[in-house]
Amino acid sequence: MRNLRAAAPASFLAPPAPPLLLPPSTPTPRGAFSAKASPAAAAAQAHGWCPSPRRVGRLRRRAGAASSSVASVEDAKKDVLVALSQIIDPDFGTDIVSCGFVKDLEISEALEEVSFRLELTTPACPIKDMFEEKANEVVAALPWVKKVNVTMSAQPARPAYAGELPEGLQKISNIIAVSSCKGGVGKSTVAVNLAYTLAGMGARVGIFDADVFGPSLPTMVSPENRLLVMNPESRSILPTEYLGVKMVSFGFAGQGRAIMRGPMVSGVINQLLTTTDWGELDYLVIDMPPGTGDIHLTLCQVAPLTAAVIVTTPQKLAFIDVAKGVRMFSKLKVPCVAVVENMCYFDADGKRFYPFGQGSGAQVVQQFGIPHLFDLPIRPTLSASGDTGIPEVVADPQGDVAKTFQNLGVCVVQQCAKIRQQVSTAVSYDRSIRAIRVKVPDSDEEFLLHPATVRRNDRSAQSVDEWTGEQKVQYGDIPEDIEPEEIRPMGNYAVSITWPDGFSQIAPYDQLEMLERLVDVPRATTAAVSS
């Protein structure tokens with residue numbers, strides 16, 4: 001995985017707040033695990049933080065300074081919650097008690113045994129074992145505790161607006177679109193392997209093949225039941241299943257029409273998606289068809305897409321089409337959280353070759369501010385797995401391709417959790433002072449930008465030649481008094497700004513941080529209005 005920003009910890013488990021979770025003064029190099037280290041400790045150490053004798057000693061000294069007993073159950077519960085509040089979730093930036101993860105806290109009558117449940121945001125948390133180990137450690141350090149019982153669970157699958165959704169979608173927590181406007185770049189390969197990666201991480205997963213004209217799912221997986229069945233009582237479609245993953249495709253509907261007009265196709269997609277009895281799912285992965293047509297609009301109108309994963313190849317033509325897709329998702333208010341560059345390279349004779357060139361995926365990341373980029377090699381087994389009906393991550397779960405998809409799965413899990421917890425827009429326009437207010441995510445910093453400065457620094461192909469870097473839009477082309485008409489967030493990495501001339505600009509947060517800031521702020525003329 002290539003990350004063009006500082007990498008965030010690959011899980012929902014963060015190094016708890018100082019001083020408890022400070023790493024040792026001489027940390028063990030990454031990958032240099034002790035032979036006696038537990039898998040959870042090894043995973044933590046791989047991320048640069050782990051249980052250390054020094055920290056355990058601090059815990060014991062702290063425990064020795066405290067009372068060896070508590071007066072009541074309520075006092076005991078307070079002690080436990082204070083101890084657990086030392087564990088910080090990196091994505092939400094607060095402790096697990098404030099996040100509401102601690103459930104069913106019970107103290108025995110003898111005030112010696114503690115039981116509680118940690119309810120994570122998703123069962124696919126990549127190092128949930130480390131979370132459990134950390135909770136055991138901090139509670140066991142309390143001087144009056146003799147036994148700790150920790151149970152791990154996940155929040156029930158429920159979208160934010162379940163009551164407003166079709167019945168079939170009301171129990172799905174996250175809907176992920178895997179998309180590329182260009183055909184033949186490997187969307188279906190990425191969608192299927194991502195789905196089985198998430199399932200392998202412990203999530204309940206479904207796949208929806210939204211390509212009516214060329215469904216790929218019946219070829220890429222081989223379920224025993226290859227026909228969709230309708231429940232005669234509820235009139236809902238029962239999805240077929242393979243290795244624990246539910247799936248629906250027009251290819252499983254039997255012999256149907258081969259030629260359909262646009263409205264008919266949209267109706268078929270709507271029916272297949274919304275009348276299917278998906279049950280409770282943590283993630284529904286949608287394999288989007290190529291293009292930016294009626295089907296895409298139908299899907300975004302019917303299903304509340306949580307995020308999109310963009311698939312591309314190194315060729316320039318693929319980049320041009322993918323850029324259209326990213327802008328489509330911007331207008332439909334769907335954040336793009338990762339780019340997968342497929343068929344990127346192959347290794348031979350100890351060397352790495354790039355037969356289709358380099359840079360297309362990186363250009364998408366840089367131009368649109370998408371924080372994560374993943375490279376997939378040209379590999380015969382990856383192609384063959386799509387023909388044999390067994391996904392590559394299932395056939396070779398320890399291989400290099402599976403490791404790349406594991407990193408992609410961690411990214412998707414992490415970004416979806418952040419998106420679902422968003423409570424406010426990070427960027428707004430203050431009409432009273434004619435300035436754009438920017439509050440960077442995960443930071444208390446707020447600053448002001450001149451709207452014309454933001455517009456002049458657009459990185460898109462309309463403003464800058466993506467191959468030569470030549471500026472197309474000149475300084476004088478943008479009036480000083482230009483004002484944005486609308487500002488809306490694109491996940492955790494960028495905002496989409498609509499200008500009076502109809503231009504839609506995608507402005508990554510890291511770009512906004514580097515722009516010249518307003519110092520002499522004009523006096524307010526009217527009441528401030530947030531976009």
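From the backbone N, Cα and C atoms, a Cβ is placed for every residue, glycine too.
Annotation source Swiss-Prot lists transit peptide at 1-62, citing sequence analysis. As annotated by Swiss-Prot, compositional bias 'Pro residues' applies to 17-27. Annotation comment: Swiss-Prot describes 17-37 as region 'Disordered'. Taken from Swiss-Prot, the feature compositional bias 'Low complexity' covers 28-37. Per Swiss-Prot, the feature ATP binding site maps to C181, K182, G183, G184, V185, G186, K187, S188; the stated evidence is sequence analysis.
Report note: the ATP site is defined by C181, K182, G183, G184, V185, G186, K187, S188, and the residues of the same chain whose CB lies within 8 Å of the CB centroid of those residues, excluding them, are S180, P290, V311. Put plainly, the binding-site residues G183, G184, G186 were compared by Cβ crowding within 10 Å, and the winner is G186. Listed binding-site residues: K182, K187; maximum Cβ neighbour count within 10 Å falls on K187. K182 (ATP binding site) falls outside any helix or strand according to DSSP and counts as coil. The local packing around V185 (ATP binding site), expressed as other Cβ atoms within 10 Å of its Cβ over all shown chains, amounts to 23.
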